[in-house]
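Chemist: Below are the features listed in TrEMBL for this protein:
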type	residues	note
BINDING	K46	ATP binding site
COMPBIAS	348-367	compositional bias 'Gly residues'
DOMAIN	17-309	domain 'Protein kinase'
REGION	341-381	region 'Disordered'
Amino acid sequence: MPKEEPTYPFCPDESKYEKLAKIGQGTFGEVFKARDKKGKVVVAMKKVLMENEKEGFPITALREIKILQVLKNDNIVNLLEICRAKATPYNRHKSTVYLVFEFCEHDLAGLLSNPQVRFNLAEIKKVMQQLLNGLYYIHSNKILHRDMKAANILITKTGKLKLADFGLARAFSDKLNRYTNRVVTLWYRPPELLLGERNYGPAIDLWGAGCIMAEMWTRSPIMQGNTEQHQLTLISQLCGSIAPDIWPGVDKLDLFTKIELPKGQKRKVKERLHNYVKDQYALDLLDKLLTLDPSRRVNSDDALNHDFFWVEPLPQDLNHMLSRHNKSMFEYLAPPRRRAPIHQQQGAPGGGPSAAPGGAGGPGGVRPTGHNPDQHFERIF
């Protein structure tokens with residue numbers, strides 16, 4: 001069977017770029033801020049680990065390249081080219097491949113980690129409007145992202161938001177499917193995946209969008225489970241008990257009878273988040289995004305038409321707010337944030353850590369690391 005190689009344009013030698021700083025580290029390898037030595041254009045270079053070249057180009061990188069060839073939109077990160085480093089004694093005679101992306105100065109997790117960065121309501125609307133625009137575009141093109149989280153939301157210094165890291169993305173169809181459910185970082189993973197659903201669709205990305213939207217106020221992930229069982233417990237405490245009367249057909253999912261789910265839990269999305277989110281329209285949209293039954297969860301088109309985006313204050317560009325912050329902010333570069341103890345998590349909204357109301361934020365939780373690749377995906381680009 002011939003090796004599959006991407007058809008994306010190659011540059012023959014990565015030495016055309018000067019590496020300026022490391023901005024990401026995870027199971028994939030490393031991400032660098034770099035500059036084109038000739039044109040002086042700043043880019044981001046994502047290193048593709050070639051552990052076993054006999055197996056050809058890594059499937060995750062190949063999938064990411066193929067998907068990004070199709071997706072061209074203002075709210076999707078732009079893949080510029082692919083560079084191959086020469087095999088030398090320094091890299092054990094292994095050829096290294098870099099994906100070269102447009103450079104974005106921040107990721108959302110890095111911005112939310114910085115207490116000096118404060119989003120007002122109109123700016124939060126702009127973030128969510130762009131995020132949902134990106135999801136509407138990829139879903140219209142039959143692509144699932146499958147790793148929605150704040151660290152995968154990039155923002156340029158002028159306030160343009162880009163969905164990034166398509167290493168877990170895949171095409172989907174309306175037919176009966178059997179996709180892997182071992183996707184999406186645990187804290188952002190929707191209940192259907194946690195219960196073993198393999199025939200899923202765009203609704204999994206909308207759950208992640210709801211988690212990210214809540215994080216705009218709480219400044220930390222709102223449900224920080226240690227295990228899949230714990231994550232389902234936190235979801236039940238926030239969204240109500242998972243049962244067939246609320247979610248028809250849930251009892252048919254593989255793990256429904258194998259996991260002990262909390263009973264008698266009332267839905268408290270608005271009640272729990274009200275201490276942080278003072279806008280009634282925001283609370284209503286959050287309630288619709290964090291719907292247990294994926295068939296009833298709001299889609300990106302309806303979310304964009306929600307009153308949240310069409311009443312005062314209207315979405316406001318981020319460039320003025322970001323102009324006050326000259327330093328790049330990435331999750332990787334942010335100081336570690338202590339995680340709230342379990343007993344505190346259960347008292348905060350959906351099990352998240354405490355934070356000051358109005359987006360001021362308090363100490364957040366330590367985000368997932370790459371120690372367990374089935375559970376966490378620590379990537380930026």
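Just so you know, glycine gets a Cβ as well, placed from its N, Cα and C.
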Chemist: Within the domain 'Protein kinase' (17-309) only, compute the mean pLDDT.
Modeler: 93
Chemist: Hey, what's the Cβ neighbour count for K46 (ATP binding site) at 10 Å?
Modeler: 25
